[in-house]
Each structure stands twice: as C-alpha cells, then as structure tokens.
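Q: Sharing a structure below in structure tokens format, with a few things to ask.
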C-alpha cells in the first residue's frame, strides 16, 4: 500500500513491484554473507583464545613438547612484537594497527560479494581480533600486552593459531583473487 503524499511503500512488496523484490533479495544475501563472516570470525577467536588458555595452563617456556620431531612442537612464549618478534619495541603501535585492521575487516565483511570472500574476511578478522585481545588484555598492561604463542616451528619462531588462521585467510583471499583474475 502506498500513501499518495510521500511514495513510501508500506507492508510487503507486491508482484507488480519490480524493484523491491530484487533489492530485498540482495539485502538478504548481503546480510547472510556478513553473518557468515561474523560466524567464521567468532569461531576463529574462540579457537584461538581457547588454545591459548590451554597453552597457558599446560605448557612452560622452558620445555618444548615435540609433535613432529624438531620440526614442530609446543612451547610457551610471550611475544611483544609480530612474527619472529619484529616490532617488539613498538607493542602499542602494533595494538593500534591491529585495532585499525579489525575495524577495516568489519567494514569489509559488510561488503563481501561472495560466500568465499566472507569466509576469507572472517578468517582474517578472527585472527586479527584473537591477537588484538592479547595485546589489549594480557600483561604487562592494556595496549602493551604480549601475545601468547605456543606453536614452535623448529628453531625459526613460535606462533599461535591466530597466526595460522590469518595465513589461511590470506591464502584463501589470494586464491579467490587469482581465480577471478583468470576468468
């Protein structure tokens, strides 16, 4: 039903309303893709924070538990920087960058055009938020917290599942980009 004075449609769209139905379907699809990204991100944060809690409860900084010989093991570490402790003297800056990336990924999640991109964005978002939570809440203090790491890759570096999740998100995003570029 339309009121003659303002042109606003009230109630459900009719079959004769050609623009309303596709717009509604498009809005529904965007919402579903956004919710998919949110769900993937939430699961990623839950898995990351859960495994970090287990690592804090069961592992030590002194001992390494081998999983695949010397190639992969479990050992607790606290990282003020990024991979291989890069930026260890600028933890506050890394916190600001992680917060900005999390906000940018939230915005990107609202604009995901396919389910694949929603999943990739959700993985990136979840990994970023997982490590951001450590930077915000872990010792030595707010915004300067050290990230809990526990996956020891030989003698190269020690990381966590947020790092793995970020890597999978980047890989999926790259595959989606290359697939689109080749079509």
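Here the Cβ of each residue, glycine as well, is placed from N, Cα and C on the backbone.
Because TrEMBL annotations are produced automatically, they should be read as predictions rather than curated entries.
Grabbed the feature section from TrEMBL, which reads as follows:
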{"type": "REGION", "residues": "1-23", "note": "region 'Disordered'"}
{"type": "TRANSMEM", "residues": "31-47", "note": "transmembrane segment"}
{"type": "TRANSMEM", "residues": "90-108", "note": "transmembrane segment"}
{"type": "TRANSMEM", "residues": "115-133", "note": "transmembrane segment"}
{"type": "ACT_SITE", "residues": "149", "note": "active site"}
{"type": "TRANSMEM", "residues": "153-178", "note": "transmembrane segment"}
{"type": "ACT_SITE", "residues": "163", "note": "active site"}
Q: Reduce the DSSP letter at residue 163 (active site) to three states and note it down.
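A: Its secondary structure by DSSP: helix.
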Q: Can you give me the Cα-Cα distance between residue 149 (active site) and residue 163 (active site) in Å, rounded to a whole number?
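A: Spelling it out, the Cα of residue 149 (active site) and the Cα of residue 163 (active site) are 9 Å apart.
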Q: Once the DSSP letters are reduced so that anything not helix or strand counts as coil, what is residue 149 (active site)?
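A: Looking at the DSSP assignment, residue 149 (active site) belongs to a strand.
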Q: Are there residues at least six beyond either end of the transmembrane segment (31-47) with Cβ under 8 Å to its Cβ atoms? List them, or say none.
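A: Same-chain contacts beyond the ends: 105, 109-110, 112-115, 117-119, 121-123, 125-127, 129-130, 133, 161-162, 165.
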Q: At a C-beta cut-off of under 8 Å, are there same-chain residues at least 6 beyond the transmembrane segment (153-178) that contact it? List them, or none.
A: 44, 47-48, 51-52, 55, 70-72, 75, 77, 79, 83-85, 114, 116-117, 119-124, 126-128, 130-131, 147
